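Student: Got these off TrEMBL a minute ago, pasting:
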type	residues	note
COMPBIAS	8-31	compositional bias 'Low complexity'
DOMAIN	183-472	domain 'CDC20/Fizzy WD40'
REGION	1-31	region 'Disordered'
REPEAT	228-269	repeat 'WD'
REPEAT	311-352	repeat 'WD'
REPEAT	441-474	repeat 'WD'
């Protein structure tokens, strides 16, 4: 071996330490060009092992270039021109300058707008060959939208900003501005305190015209005359039972008649009121009637008595009545500007609200949130107010600018519709709770005093003193709440209800 063939002089001249190193080098079998002292074997304690790992007291050969612990290749000898690649600048200041310029440009555009004479900084893009183009169908869940660096700005940009591809915004639902059907309704009274239109769960519309009640089948468009009260009486209110087979009719003589609509036969007449009955509300087999005599009578149609209890509290005519969806609470509104809430067993109101400054006819319970009640005031009030009957609190108020005649809540979406009288005679579709207007519908030339909603929750019918009934598509279907309804998309012409 090479180390064993060395002359004795070198061994004799070696010091004791060097002799020990030589013996170690003999075991290492190192070439003569490398330093033996730097590679001598020694016993490594755990601390010295850790020191070696982090390059403490670790001396490299001076013949090699010194690098840091990260591998950063040196491209000083690379021939970039051979591959048509421009060399990257080694100056760190250039990168910082480019970054600073890009940030300043972005900030200036965010503060002063895209038209401030500043061109967005160009960012280098990777060159890709046709073979490297990504397949846009892979893992695609929805339509792709490209986002530029400006979309990351905390200030936001206008959609018209240069270099931006606006992301798709969910378009608001379109509500047709015209009725798809109009029915002539001769002798439909222009009286704010009456309720002459109701739509059954069997898709049959009941309308009180003068002293008669007519039924219009929405499926077949067949018109049936249900009853004629005679010249000494007139219809003041109509209300379908929840099953849709029986109709209650309130008369100007203070009576309530129950009719079997399938047989066009009167099954019962109930008394108790001294003056006209302008409001009716069903709760299963319980029927509530509100009268001009300021009282509300609770009637169980299974019992022999005309009424089971009498509710007193209003100081003027009761013109609005609505049971909650769970049939536990009854809301009543009167010409005394008061809104009361009753429970199933009380004869006195459990809640009293006095904020309205005009007659309260428009009442609607939310089908989406328990205890949420909406009410509307007359000409001197013009407000829609919202109440939490669970906590007895007034939630909010919206001034509509017109007399509020009716309210109805959509059962498909969290929206409601209101009809109005003086002075604009409009119909408004609202989004709750923001109370932003989705649509304002016009067409009636008199106060829109009557409102009913179809059993599928998509269509409303409105009636006015102009003696017309107009059908509008205002709410989406339960299954496709984000698509426009196809029902009623075409105008079906104008006919008469009798």
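These residue numbers are counts, starting from 1, taken along the chain as shown.
From the backbone N, Cα and C atoms, a Cβ is placed for every residue, glycine too.
Mind running through what each feature is packed against?
Tutor: If you average pLDDT over the repeat 'WD' (228-269) in this model, you get 96.
Within the same chain, residues 192-193, 195, 275, 278-284, 286, 288-292, 294-298, 358-365, 367, 370-371, 373, 375, 377, 381, 387, 389, 392 sit at least 6 positions outside the repeat 'WD' (311-352) and bring their C-beta atoms closer than 8 Å to a C-beta of that stretch.
The residues of the repeat 'WD' (441-474), classed with DSSP into helix (H, G, I), strand (E, B) and coil, number 0 helix, 19 strand, 15 coil.
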